[in-house]
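Feature list (source: Swiss-Prot):
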BINDING   11-17, 39-41, R307, 333-335, 415-417  GTP binding site
BINDING   D12, G39  Mg(2+) binding site
BINDING   D12, E13, G14, K15, N37, A38, G39, H40, T130, R144, N226, T241, R305  IMP binding site
ACT_SITE  D12  active site, proton acceptor
ACT_SITE  H40  active site, proton donor
BINDING   V301, T302, T303, G304, R305, K306, R307  substrate binding site
Amino acid sequence: MCDVVLGSQWGDEGKGKLVDLLCDDIDVCARCQGGNNAGHTIVVGKVKYDFHMLPSGLVNPKCQNLVGSGVVIHVPSFFAELENLEAKGLDCRDRLFVSSRAHLVFDFHQRTDKLKEAELSTNKKSIGTTGKGIGPTYSTKASRSGIRVHHLVNPDPEAWEEFKTRYLRLVESRQKRYGEFEYDPKEELARFEKYRETLRPFVVDSVNFMHEAIAANKKILVEGANALMLDIDFGTYPYVTSSSTGIGGVLTGLGIPPRTIRNVYGVVKAYTTRVGEGPFPTEQLNKVGETLQDVGAEYGVTTGRKRRCGWLDLVVLKYSNSINGYTSLNITKLDVLDKFKEIEVGVAYKLNGKELPSFPEDLIDLAKVEVVYKKFPGWEQDITGIKKYEDLPENAKNYLKFIEDYLQVPIQWVGTGPARDSMLEKKI
(Lines of atoms letter the chains of each structure in order from A and count residues from 1; the text may use other names and numbers.)
(Lines give C-alpha, C1' and ligand atoms only; values in the text may rest on other atoms or scores of the structure.)
Protein backbone atom coordinates (compact mmCIF):
# COMPACT_ATOMS: atom_id res chain seq x y z
CA MET A 1 0.00 0.00 0.00
CA CYS A 2 1.01 3.59 -0.63
CA ASP A 3 1.07 6.56 1.71
CA VAL A 4 1.13 9.96 0.04
CA VAL A 5 2.50 13.33 1.20
CA LEU A 6 0.91 16.32 -0.53
CA GLY A 7 1.17 20.08 -0.18
CA SER A 8 -2.18 21.63 0.71
CA GLN A 9 -1.51 25.31 -0.03
CA TRP A 10 0.77 27.07 -2.57
CA GLY A 11 3.89 25.00 -1.85
CA ASP A 12 6.80 25.42 0.58
CA GLU A 13 4.74 23.88 3.39
CA GLY A 14 7.61 21.75 4.65
CA LYS A 15 6.73 18.44 2.98
CA GLY A 16 10.36 17.33 2.97
CA LYS A 17 10.55 17.23 6.75
CA LEU A 18 7.58 14.86 7.01
CA VAL A 19 8.93 12.73 4.17
CA ASP A 20 12.26 12.60 6.00
CA LEU A 21 10.49 11.42 9.16
CA LEU A 22 8.49 8.77 7.33
CA CYS A 23 11.44 7.59 5.22
CA ASP A 24 13.02 5.83 8.18
CA ASP A 25 10.47 3.04 7.85
CA ILE A 26 9.75 2.62 4.13
CA ASP A 27 10.97 0.41 1.31
CA VAL A 28 10.20 2.66 -1.68
CA CYS A 29 10.03 6.44 -2.10
CA ALA A 30 8.58 7.77 -5.36
CA ARG A 31 8.26 11.16 -7.03
CA CYS A 32 5.17 11.34 -9.25
CA GLN A 33 5.21 14.77 -10.96
CA GLY A 34 7.02 18.08 -11.34
CA GLY A 35 10.71 18.52 -11.97
CA ASN A 36 13.59 20.41 -10.42
CA ASN A 37 11.38 23.49 -9.95
CA ALA A 38 10.86 22.82 -6.25
CA GLY A 39 13.27 22.08 -3.44
CA HIS A 40 13.86 21.37 0.20
CA THR A 41 16.73 20.58 2.54
CA ILE A 42 17.04 17.53 4.78
CA VAL A 43 19.53 17.52 7.63
CA VAL A 44 20.94 14.17 8.77
CA GLY A 45 23.38 14.53 11.63
CA LYS A 46 25.34 17.61 10.65
CA VAL A 47 25.04 17.08 6.90
CA LYS A 48 22.59 19.09 4.77
CA TYR A 49 21.21 17.42 1.66
CA ASP A 50 19.45 19.54 -0.96
CA PHE A 51 16.71 17.87 -2.98
CA HIS A 52 15.02 19.27 -6.07
CA MET A 53 14.17 16.42 -8.45
CA LEU A 54 15.36 13.28 -6.68
CA PRO A 55 13.28 11.48 -4.02
CA SER A 56 14.12 12.23 -0.39
CA GLY A 57 14.14 8.52 0.43
CA LEU A 58 17.74 8.45 -0.78
CA VAL A 59 18.78 9.40 2.77
CA ASN A 60 17.54 5.96 3.91
CA PRO A 61 20.21 3.40 2.91
CA LYS A 62 17.58 0.63 2.66
CA CYS A 63 15.10 2.57 0.52
CA GLN A 64 14.66 2.26 -3.25
CA ASN A 65 13.77 5.52 -5.01
CA LEU A 66 11.82 6.13 -8.19
CA VAL A 67 11.51 9.21 -10.39
CA GLY A 68 8.12 8.46 -11.94
CA SER A 69 6.58 8.87 -15.38
CA GLY A 70 4.86 12.14 -14.47
CA VAL A 71 8.17 13.83 -13.64
CA VAL A 72 10.02 15.86 -16.29
CA ILE A 73 13.78 15.36 -16.16
CA HIS A 74 16.55 17.80 -16.99
CA VAL A 75 19.34 15.23 -17.28
CA PRO A 76 22.28 17.58 -16.45
CA SER A 77 20.43 18.66 -13.29
CA PHE A 78 19.65 15.01 -12.46
CA PHE A 79 23.34 14.12 -12.45
CA ALA A 80 24.40 17.36 -10.75
CA GLU A 81 21.99 16.68 -7.88
CA LEU A 82 23.08 13.05 -7.64
CA GLU A 83 26.77 13.99 -7.62
CA ASN A 84 26.14 16.64 -4.98
CA LEU A 85 24.55 14.03 -2.72
CA GLU A 86 27.42 11.60 -3.36
CA ALA A 87 29.99 14.30 -2.58
CA LYS A 88 28.40 14.55 0.86
CA GLY A 89 28.85 10.83 1.45
CA LEU A 90 25.46 9.52 0.36
CA ASP A 91 25.88 6.18 -1.44
CA CYS A 92 22.68 6.07 -3.45
CA ARG A 93 23.37 5.34 -7.12
CA ASP A 94 22.24 1.71 -6.88
CA ARG A 95 18.97 2.70 -5.20
CA LEU A 96 17.82 5.30 -7.73
CA PHE A 97 15.55 4.49 -10.67
CA VAL A 98 14.04 6.58 -13.46
CA SER A 99 10.86 5.86 -15.40
CA SER A 100 11.39 5.10 -19.07
CA ARG A 101 8.19 7.06 -19.78
CA ALA A 102 9.30 10.32 -18.12
CA HIS A 103 9.74 13.28 -20.47
CA LEU A 104 13.06 15.06 -20.96
CA VAL A 105 13.71 18.75 -20.31
CA PHE A 106 16.22 20.26 -22.73
CA ASP A 107 18.19 23.47 -22.43
CA PHE A 108 16.03 25.04 -25.14
CA HIS A 109 12.99 24.41 -22.92
CA GLN A 110 14.68 26.49 -20.24
CA ARG A 111 15.63 29.23 -22.70
CA THR A 112 12.11 29.49 -24.08
CA ASP A 113 10.65 29.37 -20.55
CA LYS A 114 12.53 32.58 -19.74
CA LEU A 115 11.67 34.15 -23.10
CA LYS A 116 7.97 33.41 -22.54
CA GLU A 117 8.11 34.88 -19.03
CA ALA A 118 9.82 38.02 -20.33
CA GLU A 119 7.16 38.29 -23.03
CA LEU A 120 4.37 38.04 -20.46
CA SER A 121 6.01 40.52 -18.10
CA THR A 122 5.80 43.26 -20.73
CA ASN A 123 2.01 42.91 -20.51
CA LYS A 124 2.09 42.60 -16.71
CA LYS A 125 0.90 38.99 -17.00
CA SER A 126 4.00 37.27 -15.63
CA ILE A 127 3.37 33.87 -14.02
CA GLY A 128 6.46 33.90 -11.81
CA THR A 129 7.95 30.72 -13.30
CA THR A 130 11.23 29.33 -11.98
CA GLY A 131 12.66 29.31 -15.51
CA LYS A 132 13.57 25.61 -15.24
CA GLY A 133 11.79 24.66 -18.47
CA ILE A 134 9.06 22.71 -16.72
CA GLY A 135 6.09 24.40 -18.42
CA PRO A 136 7.50 24.18 -21.96
CA THR A 137 8.31 20.48 -21.42
CA TYR A 138 4.79 19.66 -20.26
CA SER A 139 3.55 21.69 -23.23
CA THR A 140 5.49 19.56 -25.72
CA LYS A 141 4.30 16.47 -23.85
CA ALA A 142 0.66 17.54 -24.21
CA SER A 143 1.14 18.34 -27.90
CA ARG A 144 2.60 14.83 -28.43
CA SER A 145 5.90 16.19 -29.69
CA GLY A 146 7.90 15.57 -26.51
CA ILE A 147 10.84 13.22 -26.07
CA ARG A 148 10.80 10.53 -23.39
CA VAL A 149 13.60 8.78 -21.55
CA HIS A 150 13.20 5.55 -23.54
CA HIS A 151 13.75 7.49 -26.76
CA LEU A 152 17.18 8.42 -25.43
CA VAL A 153 18.41 5.19 -23.85
CA ASN A 154 17.20 2.64 -26.40
CA PRO A 155 20.51 1.07 -27.61
CA ASP A 156 19.17 0.48 -31.13
CA PRO A 157 21.10 2.79 -33.56
CA GLU A 158 17.80 3.51 -35.31
CA ALA A 159 16.43 4.87 -32.02
CA TRP A 160 19.28 7.40 -31.78
CA GLU A 161 18.57 8.63 -35.30
CA GLU A 162 14.91 9.01 -34.37
CA PHE A 163 15.90 10.87 -31.20
CA LYS A 164 17.98 13.38 -33.19
CA THR A 165 15.16 13.91 -35.68
CA ARG A 166 12.63 14.55 -32.91
CA TYR A 167 15.03 16.85 -31.09
CA LEU A 168 15.89 19.00 -34.12
CA ARG A 169 12.22 19.23 -35.04
CA LEU A 170 11.49 20.58 -31.54
CA VAL A 171 14.31 23.11 -31.71
CA GLU A 172 13.11 24.30 -35.10
CA SER A 173 9.55 24.79 -33.82
CA ARG A 174 10.80 26.79 -30.83
CA GLN A 175 12.98 28.98 -33.05
CA LYS A 176 10.03 29.66 -35.33
CA ARG A 177 8.07 30.79 -32.29
CA TYR A 178 10.77 32.82 -30.51
CA GLY A 179 13.22 33.67 -33.29
CA GLU A 180 16.85 32.61 -33.60
CA PHE A 181 17.69 32.73 -29.88
CA GLU A 182 21.28 31.98 -28.86
CA TYR A 183 21.52 28.22 -28.65
CA ASP A 184 23.77 25.42 -29.94
CA PRO A 185 21.72 22.28 -30.68
CA LYS A 186 24.79 20.34 -31.87
CA GLU A 187 26.51 20.87 -28.52
CA GLU A 188 23.45 19.64 -26.61
CA LEU A 189 23.06 16.63 -28.89
CA ALA A 190 26.70 15.72 -28.25
CA ARG A 191 26.04 15.78 -24.50
CA PHE A 192 22.93 13.65 -24.86
CA GLU A 193 24.81 11.07 -26.90
CA LYS A 194 26.92 10.55 -23.76
CA TYR A 195 23.82 10.57 -21.53
CA ARG A 196 22.51 7.60 -23.54
CA GLU A 197 25.08 5.47 -21.76
CA THR A 198 25.23 7.18 -18.35
CA LEU A 199 21.46 7.40 -17.82
CA ARG A 200 20.63 3.90 -19.10
CA PRO A 201 21.54 1.99 -15.87
CA PHE A 202 18.93 3.98 -13.92
CA VAL A 203 16.03 3.40 -16.30
CA VAL A 204 13.17 1.01 -15.49
CA ASP A 205 9.61 0.30 -16.54
CA SER A 206 8.09 2.24 -13.65
CA VAL A 207 4.63 0.67 -13.96
CA ASN A 208 6.14 -2.77 -13.49
CA PHE A 209 8.45 -1.43 -10.75
CA MET A 210 5.53 -0.02 -8.73
CA HIS A 211 3.24 -3.00 -9.19
CA GLU A 212 5.95 -5.46 -8.17
CA ALA A 213 6.53 -3.37 -5.03
CA ILE A 214 2.80 -3.32 -4.27
CA ALA A 215 2.47 -7.07 -4.87
CA ALA A 216 5.38 -7.68 -2.48
CA ASN A 217 3.59 -5.62 0.22
CA LYS A 218 6.44 -3.14 0.36
CA LYS A 219 5.95 0.09 2.29
CA ILE A 220 5.69 2.82 -0.32
CA LEU A 221 5.80 6.57 0.21
CA VAL A 222 4.83 8.94 -2.59
CA GLU A 223 6.41 12.37 -2.37
CA GLY A 224 4.28 15.06 -3.99
CA ALA A 225 5.93 18.23 -5.30
CA ASN A 226 4.49 21.77 -5.30
CA ALA A 227 0.94 21.83 -3.85
CA LEU A 228 -2.76 21.66 -4.66
CA MET A 229 -3.21 25.40 -5.21
CA LEU A 230 -0.57 25.17 -7.96
CA ASP A 231 -2.37 22.30 -9.72
CA ILE A 232 -2.85 22.80 -13.47
CA ASP A 233 -6.59 22.02 -13.16
CA PHE A 234 -7.56 22.97 -9.61
CA GLY A 235 -5.06 25.68 -8.69
CA THR A 236 -5.31 29.44 -9.18
CA TYR A 237 -4.99 29.14 -12.96
CA PRO A 238 -3.01 30.48 -14.82
CA TYR A 239 -0.72 31.19 -11.83
CA VAL A 240 0.02 27.50 -11.41
CA THR A 241 2.62 24.92 -12.33
CA SER A 242 2.13 22.67 -15.36
CA SER A 243 1.45 19.32 -13.70
CA SER A 244 -1.26 17.69 -11.60
CA THR A 245 -0.06 18.34 -8.06
CA GLY A 246 -2.96 16.69 -6.23
CA ILE A 247 -3.95 13.10 -5.63
CA GLY A 248 -4.81 12.67 -9.33
CA GLY A 249 -1.19 13.33 -10.27
CA VAL A 250 -0.09 10.54 -7.95
CA LEU A 251 -2.17 7.99 -9.81
CA THR A 252 -1.36 9.16 -13.34
CA GLY A 253 2.28 9.98 -12.57
CA LEU A 254 3.04 6.51 -11.24
CA GLY A 255 0.47 4.34 -13.02
CA ILE A 256 -1.13 2.95 -9.86
CA PRO A 257 -4.83 2.35 -9.12
CA PRO A 258 -6.75 4.31 -6.42
CA ARG A 259 -7.24 1.23 -4.25
CA THR A 260 -3.49 1.12 -3.54
CA ILE A 261 -3.63 4.45 -1.65
CA ARG A 262 -3.86 4.01 2.12
CA ASN A 263 -3.14 7.42 3.69
CA VAL A 264 -3.02 10.91 2.22
CA TYR A 265 -1.08 13.27 4.48
CA GLY A 266 -1.79 16.96 3.89
CA VAL A 267 1.06 19.26 4.87
CA VAL A 268 -0.17 22.65 6.11
CA LYS A 269 1.97 25.61 7.08
CA ALA A 270 0.55 27.27 10.23
CA TYR A 271 0.21 30.44 8.17
CA THR A 272 0.19 30.91 4.38
CA THR A 273 2.95 31.70 1.89
CA ARG A 274 3.10 32.01 -1.85
CA VAL A 275 5.88 32.54 -4.42
CA GLY A 276 5.25 34.36 -7.67
CA GLU A 277 2.18 36.11 -8.98
CA GLY A 278 -1.55 35.56 -8.47
CA PRO A 279 -4.27 36.51 -5.97
CA PHE A 280 -3.53 35.76 -2.31
CA PRO A 281 -6.59 36.69 -0.18
CA THR A 282 -4.98 36.50 3.29
CA GLU A 283 -1.68 38.15 2.26
CA GLN A 284 -0.41 40.68 4.80
CA LEU A 285 1.47 43.57 3.19
CA ASN A 286 2.35 44.98 6.59
CA LYS A 287 4.34 44.28 9.74
CA VAL A 288 2.60 40.92 10.16
CA GLY A 289 3.77 39.76 6.73
CA GLU A 290 7.29 41.05 7.34
CA THR A 291 7.47 39.23 10.69
CA LEU A 292 6.28 35.95 9.18
CA GLN A 293 8.84 36.32 6.40
CA ASP A 294 11.74 37.12 8.74
CA VAL A 295 10.98 34.66 11.56
CA GLY A 296 9.95 31.92 9.14
CA ALA A 297 12.99 32.51 6.87
CA GLU A 298 10.64 32.53 3.91
CA TYR A 299 13.04 32.33 1.00
CA GLY A 300 12.82 29.69 -1.73
CA VAL A 301 15.32 26.80 -1.79
CA THR A 302 15.27 26.62 -5.59
CA THR A 303 15.04 30.30 -6.55
CA GLY A 304 16.03 32.22 -3.40
CA ARG A 305 12.98 34.43 -3.97
CA LYS A 306 11.17 36.01 -1.02
CA ARG A 307 7.84 34.37 -0.31
CA ARG A 308 4.70 36.41 0.13
CA CYS A 309 3.22 35.82 3.59
CA GLY A 310 -0.21 35.97 5.22
CA TRP A 311 -2.55 34.41 7.75
CA LEU A 312 -3.78 30.82 7.53
CA ASP A 313 -6.61 30.47 5.00
CA LEU A 314 -9.08 27.73 5.90
CA VAL A 315 -11.18 28.39 2.79
CA VAL A 316 -8.17 27.29 0.74
CA LEU A 317 -7.60 24.26 2.98
CA LYS A 318 -11.24 23.16 2.86
CA TYR A 319 -11.10 23.32 -0.94
CA SER A 320 -7.76 21.50 -0.98
CA ASN A 321 -9.11 18.76 1.29
CA SER A 322 -12.24 18.32 -0.84
CA ILE A 323 -10.00 17.33 -3.76
CA ASN A 324 -7.19 15.42 -2.06
CA GLY A 325 -9.15 13.78 0.78
CA TYR A 326 -6.56 14.07 3.54
CA THR A 327 -6.62 11.32 6.14
CA SER A 328 -4.55 13.46 8.53
CA LEU A 329 -2.58 16.70 8.61
CA ASN A 330 0.92 17.83 9.42
CA ILE A 331 0.89 21.43 10.69
CA THR A 332 4.35 22.91 10.14
CA LYS A 333 6.19 25.95 11.51
CA LEU A 334 3.77 26.53 14.39
CA ASP A 335 6.71 28.04 16.28
CA VAL A 336 6.84 30.96 13.82
CA LEU A 337 3.65 32.25 15.46
CA ASP A 338 5.20 32.23 18.96
CA LYS A 339 5.55 35.99 19.36
CA PHE A 340 2.18 37.11 18.03
CA LYS A 341 -0.15 38.57 20.63
CA GLU A 342 -3.09 37.89 18.35
CA ILE A 343 -3.43 35.46 15.45
CA GLU A 344 -6.01 35.60 12.69
CA VAL A 345 -7.42 32.83 10.52
CA GLY A 346 -9.42 33.25 7.32
CA VAL A 347 -12.67 31.28 7.68
CA ALA A 348 -14.84 32.58 4.81
CA TYR A 349 -14.88 34.80 1.73
CA LYS A 350 -17.44 37.47 0.91
CA LEU A 351 -18.01 38.91 -2.54
CA ASN A 352 -20.28 41.94 -2.94
CA GLY A 353 -21.38 41.45 0.65
CA LYS A 354 -22.45 37.81 0.19
CA GLU A 355 -20.58 34.85 1.63
CA LEU A 356 -19.29 32.49 -1.05
CA PRO A 357 -20.18 28.79 -0.70
CA SER A 358 -16.80 27.62 -2.00
CA PHE A 359 -13.40 28.70 -3.29
CA PRO A 360 -13.92 30.78 -6.48
CA GLU A 361 -12.44 29.56 -9.75
CA ASP A 362 -12.38 33.02 -11.35
CA LEU A 363 -9.36 35.10 -10.37
CA ILE A 364 -11.24 38.36 -10.93
CA ASP A 365 -13.59 37.29 -8.14
CA LEU A 366 -10.76 35.91 -6.00
CA ALA A 367 -8.88 39.20 -6.18
CA LYS A 368 -11.97 41.05 -4.92
CA VAL A 369 -13.05 38.82 -2.04
CA GLU A 370 -13.27 40.15 1.49
CA VAL A 371 -11.81 37.65 3.94
CA VAL A 372 -13.79 36.91 7.09
CA TYR A 373 -11.30 36.38 9.92
CA LYS A 374 -11.54 34.68 13.28
CA LYS A 375 -9.14 36.00 15.89
CA PHE A 376 -7.25 33.89 18.42
CA PRO A 377 -5.12 34.98 21.36
CA GLY A 378 -1.47 34.08 20.79
CA TRP A 379 0.58 32.00 23.22
CA GLU A 380 3.56 34.36 23.33
CA GLN A 381 6.05 31.75 24.46
CA ASP A 382 8.76 29.69 22.83
CA ILE A 383 7.50 26.25 21.79
CA THR A 384 10.67 25.27 19.92
CA GLY A 385 11.44 21.59 20.27
CA ILE A 386 8.39 20.61 22.35
CA LYS A 387 7.99 16.86 21.95
CA LYS A 388 4.51 16.20 23.39
CA TYR A 389 1.22 17.67 22.25
CA GLU A 390 0.09 17.95 25.86
CA ASP A 391 3.01 20.28 26.60
CA LEU A 392 1.94 22.88 24.04
CA PRO A 393 0.43 26.10 25.46
CA GLU A 394 -3.37 26.02 25.74
CA ASN A 395 -3.77 28.80 23.19
CA ALA A 396 -1.67 26.83 20.70
CA LYS A 397 -3.81 23.73 21.25
CA ASN A 398 -6.97 25.81 20.83
CA TYR A 399 -5.63 27.11 17.51
CA LEU A 400 -4.92 23.57 16.30
CA LYS A 401 -8.27 22.26 17.56
CA PHE A 402 -10.10 24.93 15.58
CA ILE A 403 -8.30 23.84 12.41
CA GLU A 404 -9.24 20.20 13.03
CA ASP A 405 -12.89 21.04 13.72
CA TYR A 406 -13.21 23.33 10.71
CA LEU A 407 -11.71 20.82 8.27
CA GLN A 408 -12.94 17.66 10.00
CA VAL A 409 -9.48 16.17 9.53
CA PRO A 410 -7.25 15.14 12.46
CA ILE A 411 -3.83 16.69 12.99
CA GLN A 412 -1.20 13.95 13.34
CA TRP A 413 2.05 15.93 13.42
CA VAL A 414 3.01 19.44 14.52
CA GLY A 415 6.27 21.15 13.59
CA THR A 416 7.79 23.05 16.51
CA GLY A 417 11.11 24.24 15.11
CA PRO A 418 13.56 24.02 12.22
CA ALA A 419 15.54 21.04 13.55
CA ARG A 420 14.97 17.60 12.05
CA ASP A 421 13.57 16.24 15.32
CA SER A 422 11.39 19.28 16.08
CA MET A 423 8.19 17.47 15.13
CA LEU A 424 5.74 16.07 17.65
CA GLU A 425 3.25 13.33 16.85
CA LYS A 426 -0.29 13.55 18.18
CA LYS A 427 -2.44 10.49 18.73
CA ILE A 428 -5.40 10.33 16.37
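Including glycine, each Cβ sits where the backbone N, Cα and C put it.
Feature map: Swiss-Prot annotations on the structure.
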{"residue": "D12", "record": "Mg(2+) binding site", "Cβ neighbours (10 Å)": "27"}
{"residue": "K17", "record": "GTP binding site", "Cβ neighbours (10 Å)": "26"}
{"residue": "N37", "record": "IMP binding site", "Cβ neighbours (10 Å)": "27"}
{"residue": "G39", "record": "Mg(2+) binding site", "Cβ neighbours (10 Å)": "18"}
{"residue": "H40", "record": "active site, proton donor", "Cβ neighbours (10 Å)": "21"}
{"residue": "T41", "record": "GTP binding site", "Cβ neighbours (10 Å)": "13"}
{"residue": "G304", "record": "substrate binding site", "Cβ neighbours (10 Å)": "7"}
{"residue": "K306", "record": "substrate binding site", "Cβ neighbours (10 Å)": "12"}
{"residue": "R307", "record": "substrate binding site", "Cβ neighbours (10 Å)": "22"}
{"residue": "L334", "record": "GTP binding site", "Cβ neighbours (10 Å)": "24"}
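Taking Cβ-Cβ distances under 8 Å and a sequence gap of 6 or more within the same chain, the neighbours of R305 (IMP binding site) are V275, G276, Y299.
The number of other CB atoms found within 10 A of the CB of T416 (GTP binding site), across every protein chain shown, is 26. The binding-site residues recorded for this entry are K17, N226, R307, T416, and the Cα of N226 lies nearest to that of G39 (Mg(2+) binding site). For the binding-site residues T130, N226, counting C-beta atoms within 10 A of each C-beta gives the highest total at N226.
In the structure shown, the C-beta of G11 has more C-beta neighbours within 10 angstroms than that of any other entry among the binding-site residues G11, G14.
Between the CA atoms of G11 (GTP binding site) and N37 (IMP binding site) there is a gap of 11 Å. Among the recorded positions D12, H40, K306, the ones whose Cα sits within 10 Å of the Cα of N226 (IMP binding site) are D12.
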